Amino acid sequence: MGVRGAFLWASFGRYLVMSINLAVAIVVARLIGPAAFGVSVLGSSVFVIAEAFREFGGGAYLIQQKGLTPKKVRTSITISILVSVAISLCLYFSAGFIANFYGLTEVGRYIKIATIGYLLGSFVFPVFALLNREMEFRTFALINILMALSGGLTSIWLAKLGFGFLSLAWAATASAASGSILCLLLYADRSIYRPSLSEWRSVMGFGAFDSAAALVSAIGEYAPYLIIGRTLDSASVGLAQRAVLISVFPERVILAGVGAVMLPIFSRSVRDKSDTKAIYLSALELITAVHWPCLVLLAALSTPLISLLLGPQWLDVAPLVRILCLAAAFSFPWALQYPVLVAVGAVRKLPFLVAVQAVLNTAAVALVAGHGLLAISWCLVGIVPLNALIAVAVVRRYLDFGWGDFFGALRKSILLSILSSLGPTYLIFTHGGPDSLSIEAGALGVSLSLAGWGIGLVITHHPLLQQLVRACVILRRKVAVQMS
């Protein structure tokens, strides 16, 4: 599969999964309140951090290795399963201690159920890594879509039956179970599950640093929820998670296809000794052309959007979203730091880089957590740009581009964002502030923003316009072939 085909399939799969998850979130938000949802966030945060240990088996190792032999594949998967079993047992038997720490017995119940899903995941993620390496994004997309559907339908069904936070624990387990079955059915080579430790030195030499990087990254992202849960309450955790989820939604949508494809693309570029620097800068230019205008629109229309999607019980999230969108505007380099450094063989630098970012993020939240969620949000406005500059500074050491090249790649996207913000800004001033916007005004704001964005693409001669035209031509040809 070519690069463009891989990108299109990866984008299709991720965007459809995003749409499914969004639809599920809209329904579940009306069935589960902030306090109950906060319990699930605390429980799932533990598993996200635990997930980093699974990288010890080497998911990225399977993608990055130049000479990947069957023995290396089997060793990687064997280690991943062994690590998963050990961590599952630890989490299950420590669930009571974790629940006592937060004074919430519900957290312990969540962890015991979700442990099943975590264990089943050890049969899914190695296959995902191999599919990414082979650029088989069609199969990858199919499995992800079906996993999202099984988890989403389970959560809605159980939430309607009154299971509350437990509906989300069982949903995670159902998703992992369906993924395990699909991987066994759709990945032809069953020999990868044959136990082996013959290449343990190679796997563990890479996996130790990769797992450390994933661990500190997970701590930096999810430890704040654990701090909020300990300092404030589960309802605050639920509100904070929803605010973060909404503010990073544009990033995850935009980078959905990009993130899945960039590691093999960067790895291939390094192996072929092509211009990796140009690929990196071009990716930043394309990312920000969509990411920034979406954040501006989201911040402006946060109140009507949350009212429409989540319902009135979640309106306290709106002011948090506006602040976090400002912080998220500086996060765009993060998505590329991992694939670039892994591709150039600098995986040993990742734990130190991510550790610095995680420490800054976690320490900042811990210092201001007692002052409430607004204080935490404003604190992140200062921390996120600092972490982004650190990421770019490290990448520059390996790709050899100047700061002028970096900011030059962003100039068209800056103008594009300004033009797309004019319509929503006008509506805010004419309606008396962002909290006074109705759902109808929000819909008008989206239309005005899209118009400004389209005009901006033409005025700036943005490279994204060329890519969109090419994608439309390819799509039209494929439709014509199918209909002929």
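Cβ coordinates are placed from backbone N, Cα and C, and glycine is handled just like the others.
Per TrEMBL, the feature transmembrane segment maps to 12-29 (among others). Taking Cβ pairs closer than 8 Å, the transmembrane segment (12-29) reaches residues 37, 137, 140-142, 144-145, 148-149, 151-152, 155-156, 159, 167-168, 242, 245, 249, 252-253, 256-257, 260, 309-311, 313-314 in its own chain, all 6 or more past its ends.
Long-range contacts of the transmembrane segment (35-56) within the same chain: residues 29, 79-80, 83-84, 87, 91, 98, 102, 104, 106-107, 110-111, 114, 118, 121-122, 125, 164-165, 168-169, 172, 204, 207-208, 210-211, 213-219, 221-223, 225-226, 229, 233-239, 241-242, each at least 6 residues beyond the stretch ends and with a Cβ under 8 Å from a Cβ of the stretch. Here TrEMBL flags 35-56 (among others) as transmembrane segment.
Here TrEMBL flags 77-104 (among others) as transmembrane segment.
Sequence-distant contacts of the transmembrane segment (140-159) (same chain, at least 6 residues past either end, Cβ-Cβ under 8 Å): 9-10, 12-14, 16-17, 20-21, 23-24, 27-28, 31-32, 124, 127-128, 131-132, 166-168, 170-172, 174-179, 182-183, 186, 260. The transmembrane segment annotation in TrEMBL covers 140-159 (among others).
Per TrEMBL, transmembrane segment is recorded for 200-223 (among others).
Per TrEMBL, transmembrane segment is recorded for 243-266 (among others).
Residues or ranges marked as transmembrane segment in TrEMBL: 278-300 (among others). Within its own chain, the transmembrane segment (278-300) is flanked in space by residues 246-247, 249-251, 253-255, 258, 262, 265-266, 269, 321-322, 325-326, 328-329, 332-333, 335-336, 340, 395, 399, 401, 405-406, 409-410, 412-414, 416-417, 420-421, 424-425, 427-428, 434, 437, 445-446, 449, 453, 456-457, 462-464, 467, which lie at least six positions past its ends and keep a Cβ under 8 Å from the stretch.
The transmembrane segment annotation in TrEMBL covers 320-338 (among others).
The transmembrane segment annotation in TrEMBL covers 350-369 (among others).
TrEMBL lists 375-395 (among others) with the feature transmembrane segment. If one looks beyond the transmembrane segment (375-395) by at least 6 residues along the same chain, the residues whose Cβ comes under 8 Å of a Cβ in the stretch are 224, 228, 240, 243, 280, 320, 323-324, 326-328, 330-334, 336-337, 340-341, 349, 353, 356-357, 360-361, 364-365, 367-369, 406.
Summarising the annotation, TrEMBL assigns transmembrane segment to 407-429 (among others).
Marked as transmembrane segment by TrEMBL: 441-460 (among others).
If one looks beyond the transmembrane segment (77-104) by at least 6 residues along the same chain, the residues whose Cβ comes under 8 Å of a Cβ in the stretch are 39, 42, 46-47, 50, 53-54, 56-59, 111-112, 115, 118-119, 121-123, 125-126, 192-193, 195-197, 200, 203-204, 207, 229-230, 234. Counting same-chain residues at least six beyond the ends of the transmembrane segment (350-369), those with a Cβ under 8 angstroms from any Cβ of the stretch are 209-210, 212-213, 216-217, 219-221, 223-224, 227-228, 231-232, 337-338, 341-342, 375-376, 379-380, 382-383, 386-387, 390-391, 394. Beyond its flanks by at least six residues, the transmembrane segment (320-338) meets 213, 239-240, 243-244, 246-248, 250-251, 255, 258-259, 262-263, 280, 283-284, 287-288, 291-292, 295-296, 298-299, 302, 306, 350, 353, 373-374, 377-378, 380-381, 383-385, 387-388, 391-392, 394-395, 434 of its own chain at Cβ-Cβ distances under 8 Å.
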